[in-house]
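Q: Let me begin by handing over the structure; questions about it come next.
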Amino acid sequence: MGAVLGVFSLASWVPCLCGGASCLLCSCCPNSKNSTLTRLIYAFILFLGTIVCCIMFHEGMETQLKKIPGFCDEGLSTRITDIMDKECDVLVRYKAVYRISFALAVFFFAFSLLMLNVKTSKDPRAAIHNGFWFFKIAAIVGVMVGSFYIPGGHFNTAWFVIGMVGAAFFILIQLVLLVDFAHSWNESWVNRMEEGNPKCWYAALLSVTSLFYILSIIFAGLLYTYYTKPDGCTENKFFISFNLILCVVISVLSIHPKIQEHQPRSGLLQSSLITLYTMYLTWSAMSNEPDRSCNPGLLSIITHMTSSTLAPANTTAPAPTPAVPLQSGPSLNKENFIGLLVFVLSLSYSSIRNSSNSQVSKLTLSGSDSVILRDTAANGASDEEDGRPRRAVDNEREGVQYNYSMFHLMLCSASLYIMMTLTNWYSPDANFQSMTSKWPAVWVKISSSWVCLLLYVWTLVAPLVLTNRDFS
């Protein structure tokens with residue numbers, strides 16, 4: 001009898017997989033809004049896909065992947081530039097990451113098209129977006145399995161180009177999220193400073209701003225020390241110097257009287273955070289430079305700095321040398337983990353904030369600046385305490401809280417960003433017989449840093465240019 005009751009109890013959860021599946025999280029997050037939980041579930045799916053991609057780099061996976069018919073037939077003798085001859089055991093991991101990311105990107109791009117112009121949860125397509133999770137996960141798995149049977153060659157080269165464009169787009173989205181976060185942070189602290197205890201909050205604001213600028217200066221100094229030479233690395237010298245000049249310009253611009261007049265909440269906190277992010281993008285670009293003498297690798301730099309600290313005063317620590325890859329093939333390095341950390345923070349923040357109409361409008365800079373963290377506040381009808389799974393509150397009957405299509409497009413670009421990050425932005429040839437770090441990847445990243453700075457400048461000057469719009 002108990003077993004029968006247990007079966008019926010489990011059966012009550014079936015609608016969560018085939019209908020509005022947000023009830024899967026409602027037991028942990030009671031009275032939560034449907035708009036928030038749906039985004040969290042999609043983000044969790046992408047996180048799972050990222051974990052699967054990371055597993056593909058585990059030593060020994062190539063043995064299993066080579067069992068897939070035709071998946072490794074192309075690899076006879078391969079070579080990673082400036083490293084050593086490799087077998088197909090090495091590149092098969094890159095190909096696996098390409099296929100998994102392809103499945104995720106195709107799924108999210110298809111949903112981006114499907115969810116165009118959804119206005120309320122009454123739209124039948126909204127039910128697909130907010131539910132039917134079992135079928136959507138099954139679809140992703142099906143596309144993943146099928147993608148491993150796609151012939152290589154031109155697919156690999158074309159997908160690399162698409163991945164590079166999509167990853168660059170996600171870098172810009174990260175900047176938009178960063179600007180939004182910095183503005184919200186600054187506004188919150190300024191409001192508290194005006195409400196009471198101004199000296200304390202002013203000191204906190206000044207301390208954090210100073211910390212970001214100090215870290216940026218240290219970052220730039222390390223880049224000059226390890227990524228340039230007195231008689232070489234001209235491109236790196238230009239990248240660092242030019243971006244430093246631009247960061248100084250935006251910092252001065254953010255406190256210009258004209259800017260302050262039209263946008264009083266702009267300030268150095270936002271500029272300091274953007275400066276630090278720009279230094280990160282500069283380093284990320286130079287870490288893909290093909291010339292290994294100008295790109296020593298993060299592990300080599302850390303080793304050199306550690307040996308310099310621990311070495312006796314009368315000895316000199318050896319200069320950093322280009323890192324030698326593991327004999328077993330490609331693996332996740334320090335650069336990968338830093339890129340993944342930035343990705344996780346960006347996606348987590350966007351899942352609860354960026355995707356509202358007011359926040360997605362920041363992608364077009366339309367000026368609305370409401371906060372949607374209140375979506376998680378408890379209100380609406382109380383859940384029945386009858387043992388049935390809790391249901392999320394549908395807060396989108398009168399209008400969606402975020403742009404469904406834009407959210408899926410962001411996840412699509414995030415999938416491509418993960419693909420490029422895990423594969424170190426290496427470029428395959430037409431037959432996937434070589435993986436090389438090339439200059440196009442460097443220029444895509446460094447150009448993204450310039451576009452990011454340009455976007456931030458636009459957020460500052462937009463109130464001066466578009467005087468008929470409300471940016472308050």
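We number each residue from 1, going along the chain as drawn.
Cβ atoms here come from the backbone N, Cα and C positions, even for glycine.
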Q: From Swiss-Prot's topology annotation, check whether Thr467 and Gly232 share a side of the membrane.
A: yes
Q: For which of the residue intervals 14-34, 35-55, 266-286, 329-349 does Swiss-Prot record transmembrane segment?
A: 329-349
Q: From the set Asn186, Asn403, which residue is assigned the annotation N-linked glycosylation site by Swiss-Prot?
A: Asn403
Q: From Asn314, Asn354, name the one Swiss-Prot lists as N-linked glycosylation site.
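A: Going through Asn314, Asn354 one by one, Swiss-Prot annotates Asn354 as N-linked glycosylation site.
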Q: As a quick check of your reading of DSSP, tell me how many residues in the topological domain 'Cytoplasmic' (180-202) are helical, how many are strand and how many are coil.
A: 21 helix, 0 strand, 2 coil
Q: Express the distance between the Cα positions of Asn403 (N-linked glycosylation site) and Asn34 (N-linked glycosylation site) as a whole number of Å.
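A: Asn403 (N-linked glycosylation site) to Asn34 (N-linked glycosylation site), Cα-Cα distance: 14 Å.
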Q: So what's near the transmembrane segment (203-223) in sequence-distant terms, Cβ-Cβ under 8 Å and 6+ beyond its ends?
A: 186, 189-190, 193, 236, 240, 244, 247, 267-269, 272-273, 275-276, 278-280, 282-283, 286, 301
Q: For Asn34 (N-linked glycosylation site), what is the secondary structure by DSSP, using just helix, strand and coil?
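A: In three-state terms, Asn34 (N-linked glycosylation site) counts as helix.
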Q: Quick test of the contact rule: Cβ under 8 Å, at least six residues beyond the ends. What residues does that give for the topological domain 'Extracellular' (224-238)?
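A: Contacts with the topological domain 'Extracellular' (224-238): 283, 286, 289, 291, 293-296, 301, 304, 320, 442.
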Q: Let me spell it out: take the transmembrane segment (96-116), skip the flanking residues so only those 6+ beyond its ends count, and list any with a Cβ under 8 Å from a Cβ in it.
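A: For the transmembrane segment (96-116), the nonlocal Cβ contacts are 46, 49, 52-53, 56-57, 61, 65, 125, 128-129, 136, 139-140, 143-144, 146-148, 150, 156, 159-160, 163, 166, 404-406, 408-409, 411-412, 415-416, 418-419, 422-423.
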Q: For a quick check of packing: other C-beta atoms within 10 Å of the C-beta of Asn34 (N-linked glycosylation site), how many?
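A: The answer is 25 other Cβ atoms.
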Q: Residue list, the transmembrane segment (446-466) vs rest of chain: Cβ under 8 Å, 6 or more residues beyond ends.
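A: Sequence-remote neighbours of the transmembrane segment (446-466) are 168, 171-172, 175-176, 179, 183, 239, 243, 246-247, 250, 253-254, 258-259, 262-263, 266, 270-271, 274, 277-278, 281-282, 285, 365, 367.
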